[in-house]
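J.: Provided herewith is a single structure, encoded as structure tokens, for subsequent inquiry.
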């Protein structure tokens, strides 16, 4: 997978004069480019626009770096990239012809530095393409606007979300756990596998008014309260954000990214356990 | 304050949940479903302390009428009401707020110390401040949240579109100072519906008029509603009367027989509530996982998933026909 450009804008570099607090702007034309590299890591690149050479390639960990204005420098367009993990400092100055876009670029840059999965938001009226010319045709990847978005931009956004992290957009679900964990499916299972029933007792509510039994278990799986819990879990799975939660069940993180993924992982887990039992 | 920031979970509005809340507040009352307002049904449940009318508008209905003041029998706002009235400040707390508005106007209410302290602390406060005090009461919020499913997989804050499982709107009708009052936490003041006669059914007769008039103001089929009765717990009364009869050697006569039937009905109702609350409060994640693994091991998971896919497609097709939004 080639690198994906998240955003880019024109910027020059600046360097601290030895032994002083002065920062001298270098006049070379350049661009700051934020990319998700082939290594899946976030890269901040400075490319020289005259030579097209990449002269700086920094790997950034989420939340480590921030891009902050240096108010003392006149002109108001000087910034420093600083790190919480080290004393590194990289100085830049904005080179876009219009100063009015500075805030937007910086805000979006900081958003992504904090969390690389964030999607930058661009104001209506500004082109959705990053201003700097880059050889990666990554411009469509930064399109996202709250209102007044065209259908083309929405389609771009949808495919961007899908390509990013296996997140399935909130569209039509393929199947629901509520249609799998039905009394019609489960009661015959209890009948054909009687040992299963007592094996499930430890998972039942501890404060039931009666002792656990097959009948009680049937009542539970038919109850609106249990069905609501299944529906709740089904909806939560569809957000794709249950990676951490499912680890507690001995499943891989991938299992928490959706209903189908969860079921696949369960199938694997069951086959694995079967294999162990026959050893 | 948003529901998410408030820390109040959305609870179900069923009698078992309400009764459990009353128990945790130390109040020896129960809440029952009312299926009818006719005199015989209500007589069996007396003494009734308050009626709770809960409803929600269905999507296809028009903008809400304000029918509180339309009963034509002199209903009016009472800004000088000296009793307890609190505003609803957080949506998710609506059920507990309605209960508080009811309990706060029952004279000599038997209750636990925390509730008593809360009522005395809020004496003389305005409705908005009372609402805020209730909402920021940690012990009350915990008692309320204990009634809802565990928040390990809470959907709050995940930004999911709200489905029509939203909170009901709650209105309490009860007697106070010789009049039937209406307490609606979303209205600025309590509404006084006029005096009632002590004889016969008492305040219930007046309340019935008011509630029926209210229901009639909504277009047919536009309203989903329930009526609940907040009443004294009959169980200890039945039990002690039965004991009396048995001690007097009348354990086999018709009154005793009738009481046995009522006792048995009450007990099975309590057991059902206990079962439902237990299932409701439990974190079923482990159970769900174990069931699915068992299905997989028995080779039943794939066919079930296939069936589920088919069902979903059929459902989507049916809804498209009817023109409904899938996320309803």
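Any Cβ shown, glycine's included, is placed from N, Cα and C.
Below are the features I grabbed from TrEMBL:
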- B:94: active site, nucleophile (ACT_SITE)
- B:169: active site, proton donor (ACT_SITE)
- B:7-232: domain 'UCH catalytic' (DOMAIN)
- B:88: site 'Transition state stabilizer' (SITE)
- B:184: site 'Important for enzyme activity' (SITE)
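Could you give the neighbours, burial and distances for every feature on this list?
T.: Neighbour density for residue B:94 (active site, nucleophile): within 10 A of its CB lie 21 other CB atoms from the protein chains shown.
Annotation for residue B:169 (active site, proton donor): same-chain Cβ neighbours under 8 Å, separated by at least 6 residues, are B:54, B:55, B:56, B:94, B:184, B:186. In the three-state DSSP reading, residue B:169 (active site, proton donor) counts as strand.
In the structure as shown, the Cβ atom of residue B:88 (site 'Transition state stabilizer') sits within 10 Å of 23 other Cβ atoms. Under the DSSP three-state reduction, residue B:88 (site 'Transition state stabilizer') is assigned to coil, being neither helix nor strand.
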J.: Among all protein chains shown, how many Cβ atoms are found within 10 Å of the Cβ of residue B:184 (site 'Important for enzyme activity'), not counting that one?
T.: 21
